[in-house]
C-alpha cells in the first residue's frame, strides 16, 4: 500500500471534510455512503470540493427549487380541461424526457460504463413506474393537496423498508420524527376532507400503491449505489428508459395511447410544452435527491423531500384557489417539529439539547444567584 493511499484513508476515517485529499487505492475499503469523488458530481457540480454541511445545503436547495417548480407545473397540467384521464401518458412523456436528459449527461461524463446490473435496474424501473405513474394518475381522482399529503406519509414505510431491505436500525428520535410528520400530514388530510371532501376510493388506492413503491425505491437505490458505485446519470438513464418501455407496453395493451396522443396533439403547448419543463425540473430535482441518498441515506432524503412537499402545498394554496382553515397551520407546525427531530437525530453531537437535570441545575443556580442580591 502506498503512502499516499494510507494518508487518504486515514484522512477520510478521521473526518468527512478530508474527502477530496486523494483517492484511495483499489484495495482500500471506502465509506459505505461515498465511494469515490466521481459520485459527488451533480449536474456538473463537483460536490467533493465542499464540506459536508455545504453539500447538504446545496442538495436541499436544489431539491426545493426544482421540485417546487415541478409541483406547480404538475398541477397546472392537470388543470387543463379534459387532461385528467391521461396521467399514464404524461408519465410516458416524462420518462421519455428523463431518458434523453440522462443520456446527454452520461455522454458528458468520462466514465460511461454501466456498473449496476440490468436485473437491478429492472426492479428499480418497476418501482419508479409505480411511484410516478400511479401518483400522476391519482390526480385524476384527488385534488392536488390531498395527493401530496398522502405522498408525505411515506416516512414510516421508508424506515420499515430500511430495516428489512438494508438491516438498518433507527433511534427513538428518527421514529418520533416520522410519527410527528405523518400525524401532522394526516391531520392536514382530515382538515381538507372537511372543507372540500373530494376523496375517491380509486384515487386513494392509486396513491397508496404509489406510496408503497416510493417507500421501497429509496432503499433499493441506496443499496444499489453503495454496492456498485453507480452514477446519478447512469441511474436515471437506465431506470427511466426501462420504465418507458414498461409504460409504453401497458398503454398499447389497454388501448389508451391513441386517445391520449390525439388530445395532446390538439393542445401541444399546454401539454407537451408544460411537460418538457415539468420533466426538466423534475430531472434536476432527481439528481439532487440521488445525491442526498448517496451522501446522507434514504431517510434524510425522504425527510427533505417531505419538507419540500409541505412547501408545495403552501404554494398550491397561493397560486390555485382553495378553501383554507387554521388546522392546516397546526398540522404544518407538527410536520416542522418532526423535521427538527430528524435533523437533531443526525447532528446530536453538534445540537445537544439540555436534559431535565441540566434545566434543574440551571434553575437552582439561578435561585442561589438571586439570594445574595436580595440580602443586599
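Just so you know, glycine gets a Cβ as well, placed from its N, Cα and C.
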Matching range for TrEMBL feature annotation, transmembrane segment, among 327-344, 345-362: 327-344
Between 86-108, 120-142, 237-260, 327-344, who has the most Cβ pairs under 8 Å to the transmembrane segment (172-190)? 327-344
Which residues of the same chain, at least 6 past either end of the transmembrane segment (56-74), have a Cβ under 8 Å from a Cβ in it? 42-43, 45, 47, 50, 136, 139, 144, 148, 274, 277-278, 281-282, 284-285, 287-289, 291-292, 295-296, 304-305, 307-309, 311-312, 315-316, 319
